[in-house]
Structure formats: C-alpha cells, structure tokens
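Going by Swiss-Prot, these are the annotated features:
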BINDING   GLY23, GLY25, LYS26, SER27, THR28, ARG119  ATP binding site
REGION    1-28  region 'Disordered'
REGION    43-66  region 'NMPbind'
REGION    118-128  region 'LID'
Amino acid sequence: MARRNRGVTRRERPNLLITGTPGTGKSTTASALAEATNLRYICIGDLVKEKEFYHGWDNELECHFINEDSVIDELDDAMIEGGNIVDYHGCDFFPQRWFDRVVVLRTENSVLYDRLTNRGYSGTKLSNNLQCEMYQVLLEEAHDSYDEEIVTELQSNTIEDISNNVSTLTDWINAWQP
C-alpha cells in the first residue's frame, strides 16, 4: 500500500523496468525476479494484446502500433502503489516517476542472432533488432529518459548471467527503502 506524506505518495515497494532489445532475456529475467521477490510481473506486450491497446499493424516489423496513452492510463494506479516489475522493449514513453530502477539487458550479437532466429525472426525484423543492440539504442534511450543513477546495464548472454542478474536485483529490492 502506498503511503501519503505531505501530499506526496510514497511507495512501500519499488517499481522496476526491465528493458532491452527483443531476445535479451527480459521476460525470463523479469518473471524470475517477480517470483523471487513477490513483486507483480507486468509484460507490456501481453497487456497490449489482452486489452487491445493498439491501433494497426506494422507489416515490415510484424508488430502492433501500441496506444501508449492507454497503457499509461491502465497502469498508473498500480505504478503509484508500487511493487511492480515491468517488461518491455522500450522505455521512453513511461513516466519517469514510475520507476525506482531501470535495468537495460544487453546481449552479444552472436548470442542475440541465435535467439532471434530461433524465434523465427528474419529479414528486416532480425536486422533492425541486431542493429538496435549493436548501437546500444535502448541503453541510450534509458539514459535519455531517466536519471542516470537509476539506470543499470546488465549482461544477459547465458543462463548464469540471468541467474546472477536476478540475484543482484533481488538484493537491490530487499535493500530498497522508500
């Protein structure tokens, strides 16, 4: 439950954003972290599909154009309350006030290539995602969108990396003070 202190709502539990290029392990990391910490896991892609928060389809990239305002309206109360782990491949449209930690997962391109081709990515979609990772687009987006001190970059190449990341983030959540 969120507390009010001099008109300012303070969360009892932190909110984290787990972001990165598709295939970097966001969903695996975020769901394992939610299980380890009893925080709520919110996959934006699933929410968009479930609530139909989209307007059209991008044939070239094979994805929906999401209605960002609908996503924000849907999640605002939960984010004010706190205790959420949000999983999404972008971060620039979320309000800065929502997050106490923004985690950008990074993966070597050879590993990412294998993961994405195993998912059936090809052509422009595969190429765009590999370039996005190579040029650190999501890391730059996070640094441009949030205070430097809350942005963390973690490597996510192996199962061991993911396990270590979950452990590190669990420790951070357990030590977090509102």
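Using N, Cα and C of the backbone, Cβ positions are placed for all residues, glycine too.
Values in this document were obtained by computation on a predicted structure and should not be read as measured data.
Features as recorded by Swiss-Prot, highlighted on the structure.
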residue	record	Cβ neighbours (10 Å)
GLY23	ATP binding site	24
GLY25	ATP binding site	25
LYS26	ATP binding site	25
SER27	ATP binding site	15
THR28	ATP binding site	17
ARG119	ATP binding site	13
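Secondary structure of the region 'NMPbind' (43-66) per DSSP (helix as H, G, I; strand as E, B; remaining residues coil): 8 helix, 10 strand, 6 coil. Residues GLY23, GLY25, LYS26, SER27, THR28, ARG119, recorded as binding ATP, reach a greatest CA to CA spacing of 15 Å. Residue counts for the region 'LID' (118-128) under DSSP (helix as H, G, I; strand as E, B; rest coil) come to 7 helix, 0 strand, 4 coil.
Residues PRO22, THR24, THR29, ARG115 surround the recorded ATP site, their Cβ atoms falling within 8 Å of the Cβ centroid of GLY23, GLY25, LYS26, SER27, THR28, ARG119, which are themselves excluded.
According to its DSSP assignment, GLY23 (ATP binding site) is coil.
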